[in-house]
Amino acid sequence: MFCEQCEQTASGNGCHQWGACGKSPEVNAVQDLLVYCLRGLAPVVLKAKELGISTHQADVFTGEALFATMTNVNFDKKRFTKYIRDCITIREQLKAAINQPVAWTDICCYQPNFNESLVEQGQNVALTLISQATNNLDIFSLKLTVLYGIKGCASYNFHAQELGQEDEKVYSFIQEALASLDRNDLSLNDWVNLALKVGETNLKAMELLDAGHTSTYGHPTPTSVPLNPRLGKALLVSGHDIKQLAAILQQTANTGLTIYTHGELLPAHGYPILKQKYPHLYGHYGTAWQNQTKDFAKFPGAIIVTTNCLMPPHETYDEKLFTIGPVGYQGINYLASDETGTPDFTPAIEKALSMPGFTTEETPRNVMVGFAHDAVLKVADTVIEAVQQGKIRHFFLVGGCDGAKPGRTYYTEFVEKVPKDCIVLTLACGKFRFFDKQLGSIGTLPRLMDVGQCNDAYSAIKIALGLANAFNIEVNQLPLSMILSWYEQKAIAVLLTLLYLGIKDIRLGPTLPAFITPNLFKLLSETYNLQSITTPEKDLAACLA
């Protein structure tokens, strides 16, 4: 196997025996085969679009299928086999609809054999892709960057589409990018531009998702969220999917269950319509994804995982674990969606009601969420005045993905060392390194503001652009430093968005992507001053200099 799409890839060079995420070589092979088939579907979709034939089914399918291949989403070989079958079926249906002679390339005509050799077929197409690296390693690096960025973009677009927010330009570019992966006539500069186009498209996908969330559930408002459980039966919802969380809340109304969020669903508590409509959405349980084996084992109720990050489940809790959407693990309960895209959560609800729930109370603890762009920009005048009066010296955006590497303690130490006249904005699961720190406030402004989920990088961008406009300066002139952590492909998409916007001086860690060559990193460093983190002390001093 060959996989280097996540930050924890083995020895920083790539997983070759078994995935650091827990993915087997067999699952990796069928994932590679699915991506290969999607690359063959893409030119057919683009031709159909050119002729005015509807490609909506293919576009939505492509998004979910790419999402399923992301790190810590789906480990179920049978589910990937079905995705591959569906991909070929959709491709051939579109060819029939095109109904004219087309000189399709070999990849558009590929027919997998659905037998015991499926894994070997996946391994073969992976080797074919890897062999391209010998031609130009830097271009191969950019191809992988585009692929991984498109996976992240597709995941955000998947959630936006669930909420009724769609843009044909996003769908079209995802297909164009996939089709480009089979081209060998593009220059290094062409691939750089394509990677930046991924960033541009991802910005639009995040904008669509923000519109879907805020038009459906209201703009987030600063909200206190309990970290201590309350007495009673309980159900835990993990992942990112706020639409599915809302469906769970609707189906559990008047059951007596208390609903807790886990991981990246913490920001859901900031959406006013959810809180007003569903009072049994109570608190948050656990911390970041890599601690789930401990958190899930202790939780005295059923658990539903809506998106990444899923780790290989332990036998102590596998019977109370349920997955939906693109998420899966062989042998774990899967709740399929109906034609409206919503699962019947009855099995999970019944499991939760059969379990003891919380029987003892704990000391109350709370954290604040809800500092998205609408809430922050409403107090822009207060922020500007505080900066002008010297009360606020600097802003730090410290966020991104969390992970299990010891080096990630850097982010905790960094936030702890930030001077008291500075404000920390945070987002995504990287916040769990410090989300419960009591940093105090500057006047009426809390020094630690949770902007939201990883897709709420869009909110952080809007805040930065809004403040730059208010100060009548460029974003790169703001007293703002970005200290980012990455783990999976959504983070790659967000990084490409920031580079597309021309944002400079980003510090990235805990390690650099294995798929980025030294030459490519040098190019990014020279163009954007992208740099790796060093120590909290050195980086703080440099940012404040």
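Note that Cβ sites are derived from N, Cα and C of the backbone, with glycine treated the same way.
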Candidate from Cys309, Cys543 that Swiss-Prot assigns to the same hybrid [4Fe-2O-2S] cluster site as His240, Glu264, Cys401, Cys429, Cys454, Glu488, Lys490: Cys309
Assigned element (helix, strand, coil) containing Cys3 ([4Fe-4S] cluster binding site), judged by DSSP: strand
Surrounding CB atoms that lie within 10 Å of the CB of Cys6 ([4Fe-4S] cluster binding site), all protein chains: 27
Intrachain C-beta neighbours of Cys309 (hybrid [4Fe-2O-2S] cluster binding site), sequence separation six or more, cut-off 8 angstroms: Thr71, Asn72, Val73, Gly263, Trp289, Gln290, Gln292, Cys429, Tyr487, Glu488
Cβ neighbour count within 10 Å of Glu488 (hybrid [4Fe-2O-2S] cluster binding site): 26
Under 8 Å by Cβ from Cys454 (hybrid [4Fe-2O-2S] cluster binding site), counting only residues of that chain that are 6 or more apart: His240, Glu264, Gly400, Cys401, Leu427, Ala428, Cys429, Lys490, Ala491, Val494
